[in-house]
Amino acid sequence: MGKPTAKKKNPETPKDASGGGGGGGGKSGKTYHRSTSRVFDEDMEIFISRALELKEEGNKLFQKRDHEGAMLSFDKALKLLPKDHIDVAYLRTSMASCYMQMGLGEYPNAISECNLALEASPRYSKALVRRSRCYEALNKLDYAFRDARIVLNMEPGNVSANEIFDRVKKVLVDKGIDVDEMEKDFVDVQPVCAARLKKIVKERLRKSKKKKKSGGKDEELKSPKVVVVDKGDEAEGRNKPKEEKSDKSDIDGKIGGKREEKKTSFKSDKGQKKKSGGNKAGEERKVEDKVVVMDKEVIASEIVDGGGSKKEGATVTRTIKLVHGDDIRWAQLPLDSTVRLVRDVIRDRFPALRGFLIKYRDTEGDLVTITTTDELRLAASTHDKLGSLRLYIAEVNPDQEPTYDGMSNTESTDKVSKRLSSLADNGSVGEYVGSDKASGCFENWIFQFAQLFKNHVGFDSDSYVDLHDLGMKLYTEAMEDAVTGEDAQELFQIAADKFQEMGALALLNWGNVHMSKARKQVCIPEDASREAIIEAVEAAFVWTQNEYNKAAEKYEEAIKVKPDFYEALLALGQEQFEHAKLCWYHALKSKVDLESEASQEVLKLYNKAEDSMERGMQIWEEMEECRLNGISKLDKHKNMLRKLELDELFSEASEEETVEQTANMSSQINLLWGSLLYERSIVEYKLGLPTWDECLEVAVEKFELAGASATDIAVMVKNHCSSESALEGMGFKIDEIVQAWNEMYDAKRWQMGVPSFRLEPMFRRRAPKLHDILENVFSGPV
């Protein structure tokens, strides 16, 4: 990339205060200049050193994507450096890069920084490449083509310039533009040297002064006056003498066959002051000329309303806030901007929005939608009363976006941006207004031609629209009659019941997931110490208890959704049963008695589990009785759908499958209930409660209803912990024989082909191994 070249500055020796140029006066002036220059050089070294530190700090912030902080560091460095320093162009280009990273809306500011960089170093290729990228993004392809070509003239191997040049060239060719002719104009163009332009300006000034002296007062009055301001002095805040007025001089340069503006600014010598009592009108000032080759920036303030004048001048802008939820962005708009311009600026600031409404908050606090320019000006009139002007953006479907002053919703954003770019290039408001008028005439012509064509061929599209509207109206009326009828209410009730059952079933399955997670294995190394084992077991106990609580919560929510959902009641009963066993085995680590808190918690869980089992069993038996009598809710639904010929929506099992499934359901519920009572009898016996034998008797009854054999029941009773002939430990493992019964039923079911049902996964779920681990750890030898 090109390295910025520093400008050589020849400091002039200041004149003696007395105005003398000879002998001793010259000597004293020379001595004063040397001492002042030495102090100036020492201070400047400090400033330059600090500026370099700020430059490095800005580079680090840029790498961290803190673009605003980086620009602040670069700006501070620029204020410390002399204007002819070699790093000025680099800092300006770095600020342009920061603006480019902040979005398309900041590209005009990036172009401005590139222009300032090229003012400091006209052959700095990085600034040209950055500016070319900005022009390409803003659809100013001719300017992008020019800058890329200039860089390639200086550096044929510049990769970035080659990429931009090829892309822009391809787009221009697709648009039918003669790129070869443009390339011929730019092939030998080099950046204009600042020294050469300075010489041209001085020559023009000398000629204009001669014309003033010879032309007299009349010619002087006719010539236009301009006030020349030194931007460098204004930025540093130093005192400046009054600027002289001079004739407006233009420098015509041809780059690629196109004319560009060249702005000339003059800076007066700071070391010279006016004499208050002198007879002369004023001493002649020395002028340092600067020539800046700057392209017009594409900013929203350049686009003014159609009624504005065609004269070029500074457009008064207003700063507004664009509020989209929590995203608030600044924007600059002219005072007389139109609602279409505001729409385009919002699309540029929020490119992800496909459709939106523009709103403002009135004096009553309501958000009012803006659709016309008059409404926009009304919103601006509340600016003084309510503080800063805020425009609120509400995202909507593109079909719901309103038309803005005659513009259709389907107008392409690319076309709008091209129109704005073309307007900024031409700089003429009149042409923009003329294009709107031409567009209106063109639309009227299409409308008139369409009317003639329809009359000529006898084609009437309105009749089709009328037929469609009539058909939709009749269809809506018919649907309204069907929806409000008595039969529809019954169908709605069927649909509501099915959705209710579906929601409850989803919560049931959600709870089953947590029950499965509670069976997480405990990994204990073989050589682990007892302390490590207890620590691992305690962590597993906390995990399992949390999962049990989550499962119970989901089962209870399912019951709230569908109160007669017996599956959720049975699942809740099993969860409370397993939770009670977990708490009992965990309580064995300390001395267990009836008065302890752990014992009371275990008995409370057993009571809840029994209540849930009883309620679930009762609801299921009532539903089975209604089904057998033909008065169930499902039978009513089938009859209703059969009348409407929609009975195929329900799949019905055969009578044999229904009988087998009912028998299996009863067996599984009684088996689970018997296991619960058997385990409770063991707990009550250990706690010394006299009701343990009653629980054992009821458990035996439940096992008999479940279809267990007399031999298996006798083995269970014999191995109860209350029996003298029972095995050592906590008693017979009821879970093992229940699992054996389930496996026997599985084999039978596969032979008969009986379909499974919702609770079967719950009944098949094995007890967590954590129960055995807790029993072995806390009841074993210490």
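The backbone N, Cα and C atoms fix where each Cβ goes, and this holds for glycine too.
The following features are taken from Swiss-Prot:
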{"type": "REGION", "residues": "1-33", "note": "region 'Disordered'"}
{"type": "REPEAT", "residues": "51-84", "note": "repeat 'TPR 1'"}
{"type": "REPEAT", "residues": "89-124", "note": "repeat 'TPR 2'"}
{"type": "REPEAT", "residues": "126-158", "note": "repeat 'TPR 3'"}
{"type": "REGION", "residues": "206-287", "note": "region 'Disordered'"}
{"type": "COMPBIAS", "residues": "215-271", "note": "compositional bias 'Basic and acidic residues'"}
{"type": "DOMAIN", "residues": "317-396", "note": "domain 'PB1'"}
{"type": "REPEAT", "residues": "444-478", "note": "repeat 'TPR 4'"}
{"type": "REPEAT", "residues": "532-565", "note": "repeat 'TPR 5'"}
{"type": "REPEAT", "residues": "590-623", "note": "repeat 'TPR 6'"}
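If you look at the repeat 'TPR 5' (532-565), the same-chain residues 6 or more away from its ends with a CB under 8 A from one of its CBs are 500-501, 503-505, 507-508, 510-512, 514-515, 517-518, 520, 522-525, 571-572, 575-576, 578-579, 582-583, 586, 619, 623, 768, 770, 773-774, 777. For the repeat 'TPR 6' (590-623), the model's average pLDDT works out to 85.
Residue counts for the repeat 'TPR 6' (590-623) under DSSP, helix first, then strand, then coil, are 27 helix, 0 strand, 7 coil.
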